[in-house]
Amino acid sequence: MALLRQATSKAFALPNVLQTKSHVINGVRCLSADSNTNLKEVLAKKIPEHNAKVKAFRTAHNTTKVGEVTLDQVYGGMRSIKAMVWETSVLDADEGIRFRGFTIPECQAKLPKAPGGSEPLPEGLFWLLCTGDIPTPEQVKWVSKEWAQRAALPAHVVALLNNFPSNLHPMSQFAAAVIALQSESKFAKAYEEKAHKSTYWEHAYEDSMDLIAKLPGVAATIYRNVYKSGSSIGTIDENKDWSANFCKMLGYKDEKFIELMRLYLTIHTDHEGGNVSAHTSHLVGSALSDPYLSFGAALCGLAGPLHGLANQEVLVWLTKLREGLGGKNVSDEELSAYIWKTLNAGQVVPGYGHAVLRKTDPRYSCQREFALKHLPEDPMFKLVSQIYKLVPDILLKQGKAKNPWPNVDAHSGVLLQYYGMKEMSYYTVLFGVSRALGCLSQFIWSRGMGLPLERPKSLSTEGLMKLCKYTPEK
Ligand code: AMX
């Protein structure tokens, strides 16, 4: 608690404005609209500018139709209905994710790296999500330091974590701890004290920075408690980046694992707004619930097997497959039979399919690139590659899945297990730590834009039949 910073006043006290308008990262020239290293000051300039643009746009087009809704979409989980604003990223069915207009390979090339590293720092992606600009190394360093300085956990949250039974799923522990951190909410306090609506984003910013800073400590405590006999997570090093500190707290020293974590925590951040975790945080936040409550709710959605828990499910599925076949190399025929067995038992092949994507997920591709570079001979990686050759054709033959290609979760567990993190039930927690960067950068913007309470219309089947002028046969 003593380390908890009151960053609002401090943040505005730092006049870290550099004069340059462009910078070079890894030989790539990056234009930066603002070289100020203080993220809150940059946002304070950008939010009103954006709001003025949106106001003019809405005045010109408020009654323009942006789509129509079919009965199939109403019953079919609202797929593809254009009904919400999400500024930080956009997903294209064929191309995959763009973070503020940048693809994953572009982010890998342009975002600042750790000294000697080759993967992007998630701090840089957070800056990009918040501002739309590729940050300078100085801006990224500023974020790393802020997060290190805000990382201390309140005693009641540590006590809560230390008292959970080890058979409570790590994702349930994670969500509960995030909700318990709500005692620290500056947003909730400001609302209680009748803060003006125009200042909501500032309190959202403070909570978001605090929460992101604290997540590695919470996640590492869960890891140590459940799998490492409750050993201490140690202390934060203010000169290290967010991922390096997280790995240190988890107890991993291998530089390659730290690089993997930087990549992992970058690519899992955001996937536009309609997915379960992002949409949940958006919906809950629209009630002016604070960032802790909103992100805690998002984690509950991420814990579902059709969403984030799929990374655990993939490894469980692969491990059973190898055990069932005595751990030896598996032939294509044996593997195909196993995949069909899964489908014929009425189960999904975890890690395959997507509600929006219609091609291989670029998050899968960049993890595959990492594996080809660092662990090409790993038997589990070879198995994942073999599955990649077989599953799409089988799913196409079955004729149900609209997208037969792998998603992000088909690869991540194999990389983690290679570096010694074999605790599959923990994998979704890592996804959750990363997803905070997407949910919370948008949360700041949602409050900055004054987005209203979300309240779509629901109908009963009877009401829908009436609307469609349909009379059921007797
Ligand atoms: N294996 C078997 N069947 C699949 C399948 C898969 N990987 N993906 C889709 N299908 C089935 C669906 O279950 C559905 O069957 P039904 O008609 O009997 O209900 C049918 O194909 C049509 O589904 P869809 O329109 O292609 O997909 P969707 O938008 O309804 O669902 C998703 C998308 C991701 C839930 C689904 O592909 C799936 O269950 N995949 C496996 C789980 C998984 O990997 N989830 C992680 C997704 C990424 C993430 O959020 N982390």
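A Cβ is built for glycine as well, from the same backbone N, Cα and C atoms used for every other residue.
Residues annotated as active site in TrEMBL: His307 (among others). The Cβ neighbour count for His307 (active site), using a 10 Å radius over every protein chain in view, is 19.
Of all Cβ atoms in the protein chains displayed, 22 besides its own lie within 10 Å of the Cβ of His354 (active site). Here TrEMBL flags His354 (among others) as active site.
Taken residue by residue with DSSP, Asp409 (active site) is part of a helix. Taken from TrEMBL, the feature active site covers Asp409 (among others).
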Secondary-structure category, per DSSP, in which His307 (active site) falls: coil
Those residues of the chain, 6+ apart, with a Cβ under 8 Å from that of Asp409 (active site): Gly308, Ala310, Asn311, Glu313, Val314, Pro350, Gly351
Cα-to-Cα gap, His354 (active site) vs His307 (active site), nearest whole Å: 10
